[in-house]
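Q: Sharing a structure below in structure tokens format, with a few things to ask.
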Amino acid sequence: MKHFAVIGNPIAHSLSPVMHTAAIEALQLDADYTRVKLEIDQFDLEIRRFLASEIDGFNVTVPFKEKIIPYLDQIDPFAAKCGAVNTVKRSDTGWTGYNTDGYGFLEGLEEKRPLSIDDRILIIGAGGASKGIYLALSEKCEAPITVTNRTLEKAEQMLAAERSDRAISLEEAEARLAEFTIIIQTTSVGLDQTHFDLPLSLESLKKDTLVADIIYNPLKTPFLQAAEQKQAIIQNGLAMFVNQGALALSIWTGENPNRAIMKQAVLNSF
Ligand code: ATR
């Protein structure tokens, strides 16, 4: 039997176990998937113990995506570029780290429509999640990417030297919003369901713009609600969550899991 897990802290509300268990059952694999909470101030001791256990592969979530790297034997080039790992696999040569977040997001975006060189992409936010998405997009798509962030320097630092992408202030992004055909919201604004906060105003958003949020709880953030009012095509963060999980399961097992079943399992547990 194979054993998979997700490590993080907090981890009690992670929907990864329910999602992966549904995929494992549908594939009729002899495997299980559990959640493991590691103490932040005991990480060194606890991760060593965890790696010595009978585990074949695991996901890594907040706040360990960077901390895990020194414990790995190999790192996939894309994960190395991201500087963050969300998927780890055991093999004959030891532990290998991967990052499926950015490509998972991209798959979700392409469920709505294929990307084109004529697209003009705006990414809002310049944290860890944004970086993986920027790198996946910049590898797969020739359309220019603009990154906007409250702290402009962080957006500037993220840009790939070999591309002519740009970083702009939130004010400039707001003023030029109608130029963009794809807008991706990666900030944590919207997680707090008690406030109707937006990272920037969508007042001048054009109809039929593809607008994506990486947050999946709530399924429709204030940002997506505002975009929908402007008749945008919206994609929520559930697609990214499901696809990053499906890509991780493929890395561990070589199988192609049923994403619709995974998505339904998550929706059922809301
Ligand atoms: P993650 O790794 O999940 O992306 P993060 O690294 O903490 O999380 O990044 C959070 C992002 O949300 C950043 O882009 C942050 O902007 P700053 O770099 O200026 O901190 C953005 N963010 C958080 N709160 C915000 C707010 N109230 N308004 C605008 N941007 C905000």
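Numbering starts at 1 and runs along the chain as displayed.
Positions of Cβ are set from backbone N, Cα and C atoms, glycine also.
What TrEMBL records for this protein is below:
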- Lys65: active site, proton acceptor (ACT_SITE)
- Ser14, Leu15, Ser16, Thr61, Asn86, Asp101, Tyr216, Gln244: shikimate binding site (BINDING)
- Gly125, Ala126, Gly127, Gly128, Ala129, Asn149, Arg150, Thr151, Leu152, Glu153, Lys154, Ile214, Gly237: NADP(+) binding site (BINDING)
- 6-88: domain 'Shikimate dehydrogenase substrate binding N-terminal' (DOMAIN)
- 118-188: domain 'Quinate/shikimate 5-dehydrogenase/glutamyl-tRNA reductase' (DOMAIN)
- 237-267: domain 'SDH C-terminal' (DOMAIN)
Q: Using a 10 Å cut-off, grab the number of neighbouring Cβ atoms around the Cβ of Asp101 (shikimate binding site), all chains included.
A: 29
Q: Between the Cα atoms of Gly127 (NADP(+) binding site) and Ser14 (shikimate binding site), find the distance and write it as a whole number of Å.
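A: A Cα-Cα distance of 21 Å.
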Q: Just checking: which of the binding-site residues Ser16, Thr61, Gly125, Gly127, Ala129, Arg150 have a C-beta under 6 Å from ligand 1?
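A: Only Gly125, Gly127, Ala129, Arg150 qualify.
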Q: So the record assigns Ser14, Leu15, Ser16, Thr61, Asn86, Asp101, Tyr216, Gln244 to shikimate. If I measure every Cα pair among those residues, what is the longest distance in angstrom, as a whole number?
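A: Between the outermost Cα atoms of Ser14, Leu15, Ser16, Thr61, Asn86, Asp101, Tyr216, Gln244, the distance is 17 Å.
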Q: Can you list, in sequence order, the residues of the same chain other than Ser14, Leu15, Ser16, Thr61, Asn86, Asp101, Tyr216, Gln244 whose CB lies within 8 Å of the CB centroid of the shikimate site?
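A: Checked against the 8 Å cutoff, the neighbours are Val6, Asn59, Phe241, Gly245.
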Q: Who sits close to Gly125 (NADP(+) binding site): which same-chain residues at least 6 apart have their Cβ under 8 Å from its Cβ?
A: Asn149, Gln185, Thr186, Thr187, Pro199
Q: Find the shortest Cα-Cα separation between Thr61 (shikimate binding site) and the binding-site residues Ala129, Leu152, Lys154, Gly237, and name the residue that gives it.
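A: So, spelling it out, the nearest of the binding-site residues is Ala129.
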Q: Can you tell me which of the binding-site residues Ser14, Leu15, Gln244 is spatially closest to Lys154 (NADP(+) binding site)? Compare CA atoms only.
A: Gln244
Q: Excluding the flanking five residues on each side, which residues at least 6 beyond the ends of the domain 'SDH C-terminal' (237-267) place their CB within less than 8 Å of a CB in that stretch?
A: 2, 4, 15-16, 18-24, 26-27, 29, 31, 56-57, 59, 86-87, 89, 98, 100-101, 103-105, 107-109, 111, 212-217, 219
Q: CA-CA, which of the recorded positions Lys65, Asn86, Asp101 lies nearest Gly237 (NADP(+) binding site)?
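A: Considering only the listed recorded positions, the nearest one is Asp101.
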